[in-house]
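Visitor: In case it helps, TrEMBL gives these features for our protein:
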TRANSMEM  A:6-27  transmembrane segment
TRANSMEM  A:67-85  transmembrane segment
TRANSMEM  A:132-154  transmembrane segment
TRANSMEM  A:175-193  transmembrane segment
TRANSMEM  A:258-276  transmembrane segment
TRANSMEM  A:281-298  transmembrane segment
TRANSMEM  A:374-398  transmembrane segment
TRANSMEM  A:418-441  transmembrane segment
TRANSMEM  A:491-516  transmembrane segment
TRANSMEM  A:537-560  transmembrane segment
Amino acid sequence: MTTEISGVIATYGITLLLAWPLSRYIVKVFRGERTWSDFMAPLERLFFKISGINPKEEMDWKQHMKALLTINLVWFVYAFFALMFQDKLPLNPDGNPGQSADLAFNTAISFVVNCNLQHYSGETGVTYFTQLFVLAFLQFVSAATGIAALIVVFKAMKEKTTTRLGNFWDIFLKTITRILLPLSIVIALIFIFNGMPASFAGKDTVVTMQGDTINVSRGPVAGFVAIKHLGTNGGGFFGANSAHPLENPNYVTWMTEMVAQVVIPIAMVFALGMFIQRKKFAYVIFGIMTIGMIGLLIPSMQAEIAGNPAIAHMGIQQATGAMEGKEVRFGAAATGYWSTVTTIISTGSVCGWHDSTMPMTGLMQLLGMMLNCLYGGCGVGILNYYIYIIIAVFISGLMVGRTPEFMGHKLEAREVKIAAIITLLSPFLILAGTALSSWVLTHHPDANWAVKPTAWLNNPGYHGFSEMLYEYTSANANNGSGFEGLGDGNVFWNVSTGFVLILGRFLPIIGPVAIAGLMASKKYIPESAGTLKTDSLTFGVMTFAVIVILTALSYFPALALGPIAEYFSL
Amino acid sequence: MKKYLWPSVKLTLLLVVLLGGIYPLFLAGVAKMAPGKGDGVKVMRNGKVVGYENIAQKFSDDKYFQPRPSTVDYNAAGSGGSNKAAANPDYLKTVQERIDTFMVHNPDIKKENIPAELVTASASGLDPHLTPEAAYAQIPRVAKHRGIAADRLKQLVDANTKGPVLGMLGVATVNVLKLNIALDELK
C-alpha cells in the first residue's frame, strides 16, 4: 500500500513540476512573444488566409462570444450528421451502425461542450471515422474554446480601461497549434511505446490457450487518449474508458494520463498570475483550490483503501482495498486519486467504475462536480472560480459598506446579477433534472423507450437515486463520467441531458466573459487604502467560505437522499 | 453571426484535416517502430498467436492460474464492469457465491485470506493482472493438480512478477497469461 500512495504523491509532484514551465510558455504564446513553437506561424497564416480571417482585428467581448458560438454551432451540425450517417462513411472496419437521432444529438453536444457523456460504447457505437474526424477533433477544439474564453477574461482583467480584447480566432488557433497539438504528440508517443494501439486495424480474432475464440477491439487509440486527457475531455475510445488495458496498459501510462489531465488546469492558474502581473492573487487561488482538492481526496482514498464493509462482513480481509470495478495494475489508492481529480477538473475519464466505489467516495465525486472549480476544466475551471470571486467581492463589499471593486473597476448591479444567475443555474439544472427523472421513474415506469424506466437503475435504494443525480451533475459540470449502471441509452436521457449540457456549458462561459468585458470598459480606479485586497489570504478564505456555503445550501438535501443515506446504511 | 459563419466553416474543415487526419496518421506511422507495431502487443507460443499481452483470457481448468472475474466473459469485442453498488444485495450474493466456489476449489486457503480481487469483477472485464498475493493463493491448487512442488511455483510467480515502477511507485503485478505459458513450459 505504501508504494501505491507514493505513486499518487509522485504523480501530483510531477504535475506541479511540469505545470510551472508550461504556464510561462502559455503566457508567452498569448502575449505574442517569441517561443520555440514559432515554426507553426506559417501554418497558422495559411489557415487564416484560406478561412478569410484577419487575426489582428481586435474584438470586444460580444464579438468574441459571437465568433465562439458560431463556430460551436458549426461543429454541432457537422458532428450530428456525421454520427447519424457514420455507417455510410469510410473507416468502419467493424461494420458499426449509424447512431439514432437522439443519440447523435446527445453525443454531438456532449463532445462539442467538452463533456463526453457517451451514451454509447466505443467498440460498437462509433466508427474509426467518427472517433477521429468527429470526436478526437472535437476534443481538441472544445478544449481550445474554453481556453480562448479564459484568455479573453485574462486580457480584460489586465487592462485598465479597454474594449479591445484580442482576436478570438487568433487565440483559439494558437491554443491548438502551440499547446494542445504539440503536447498531445509527445503524450501519444509515450503511450505508443508502452504498447497502446495506434493503427487503423479493426477487430482481431484470436483462439486462446484453452481454445475459446474471442475478438479483440483495437484502433487508433493513442492519439485519442492523449487529447482526451490533455483537453480534460474524458471520452473513452473503448467502453471501459481508461480502465481498458489497451487504453491504459500500465502504471507509466496511468501516471502520464493523470499528469496530462491536470497539467493545463494548474498551469492556467499560474499563467493567470503572470499574465495580469499579480502573482500573489494566483497563488492564493491555487492554494484554495489545492486545499479543496485534498479535502475531497483524503476521504476518497481512505474509503477505497479500507474496502467494502459489506464484503468485510463476509469474512474477507481485502488487503488490496475495494476491488469491484477496479484494475489490479492501478490499485485502490490510485483509483481513488483518479476519481477525485477527474471529477474536480471535468475530465470524466475513469480508471475504475464510480458506480462501484464506496458511498463516501461517491459523495466526494458528486461534490467535485458540483464545485467544478477546483482547478477545473481547460479554461472553464477558472471561469467558474471567477464567478465565486465576484460573489465574494460583492458580499465583502456589503460587509464593509463600500461599493465593491475588483481589479480597479467598480462591481455594479449588472455584473452581480449575471454572477447570481450563473450561480443559481447549476443547482437548478441538476436538481430539476433529477426531480424530472425521478418523477418519470415513479409515474411512468413502463414508458415505451429503448430502455424502460423500470430498467434504468442498476442498483436499488439510495444508490439508484444517486445514479440519476450523478448523471445530471455530470452533464451540468460538463464532466462526462457517470454512475454507468444507469440505463441512459434512450430518448429521455439523451434529450434531457443534452439540454443540460448546452446550458451548463455556454452560460457559464458567456457569464464570466460578459462580466469581465463590462468591467474592463469602465473607468479605472487606482487602488487606495480602502480597496478590498483580493490577493490576500483573508479574501481567499472568504471565497472558500462562499463556495462551501453556496454548495451546501444548494445540494445538501439531494446528497442526503443519495450517498449520505447510503453511507449510513452500509 | 453571419459574418463569422464562413470563416467558421472553412477553419473547421482545415482543422478536421489536421487533427482528425494528419495527427493520427503520423502517430500510426511512428507506431510501426513500437512494440506490437501499433496493433496491440500479441503473445506467441510455438509460433502461434495465443492472445494479447494486455487482454485477460479465461482459464477454467484448475491446473492453471485464473484471472479475475469478468462481466464480459473475457471477450474483448466489448469491455465493462458490473457497476454494482457496494451495498447492492444481489451483488453481495454474487460475491458470496464466488467465495464459496473459491473455497471448494482451494480448500487450503483460509476464508479470510481469499484475495478480494478474485471475488470482485474488474473494471474492464479484461484485467490481465493479479497481485502476487492473489497468485500465491492459487499455488496449492495448481501444485496439487500438476504435481509440482509449491516452492517451484512460488519461484515461477516471483519470476513473472513486475515490481512497482522504479521499485516504489504503484503496484506489483503478475500477468496471468504469461505466467500460465511459463507454467506449461515447466518440466
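Cβ from N, Cα, C; glycine included.
Where the annotation comes from TrEMBL, it is an automatic prediction and has not been curated.
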Visitor: I need to check the long-range neighbours of the transmembrane segment (A:491-516): which residues 6 or more away from its ends have a CB within less than 8 Å of a CB in the stretch?
Guide: 61, 64-65, 68-69, 72, 102-103, 105-106, 109-110, 113-115, 117, 119, 145-146, 149, 152-153, 156-157, 380, 383-384, 386-387, 390, 415, 418-419, 421-422, 425-426, 429-430, 433, 436-437, 440, 447, 449-450, 453, 471-472, 475-478
Visitor: Between the stretches A:175-193, A:258-276, A:374-398, which wins on the count of C-beta pairs under 8 angstroms to the transmembrane segment (A:6-27)?
Guide: A:258-276
Visitor: Give me the stretch from A:132-154, A:175-193, A:258-276, A:281-298, A:418-441 with the greatest number of Cβ pairs under 8 Å to the transmembrane segment (A:374-398).
Guide: A:132-154
Visitor: So which of A:258-276, A:281-298, A:418-441 is most in touch with the transmembrane segment (A:132-154), counting Cβ pairs under 8 Å?
Guide: A:258-276
Visitor: Cβ under 8 Å to the transmembrane segment (A:418-441), counting only same-chain residues 6 or more beyond its ends: which ones?
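Guide: Residues 370, 372, 387-388, 390-391, 394, 447, 453-454, 456-457, 465, 468-469, 471-473, 475-477, 492-493, 496-497, 500, 503-504, 507-508, 511-512, 514-515, 550, 554-555, 558.
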Visitor: Give residue numbers and ranges for long-range contacts of the transmembrane segment (A:258-276): same chain, 6 or more residues beyond its ends, CB-CB under 8 A.
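Guide: Result: 11-12, 14-16, 18-20, 22-24, 26-27, 30-31, 143, 147, 150, 154, 157-158, 179, 183, 187, 226, 229-232, 234, 282-283, 285-286, 289, 337-338, 341-342, 345, 347, 349, 375-379, 381-382, 407.
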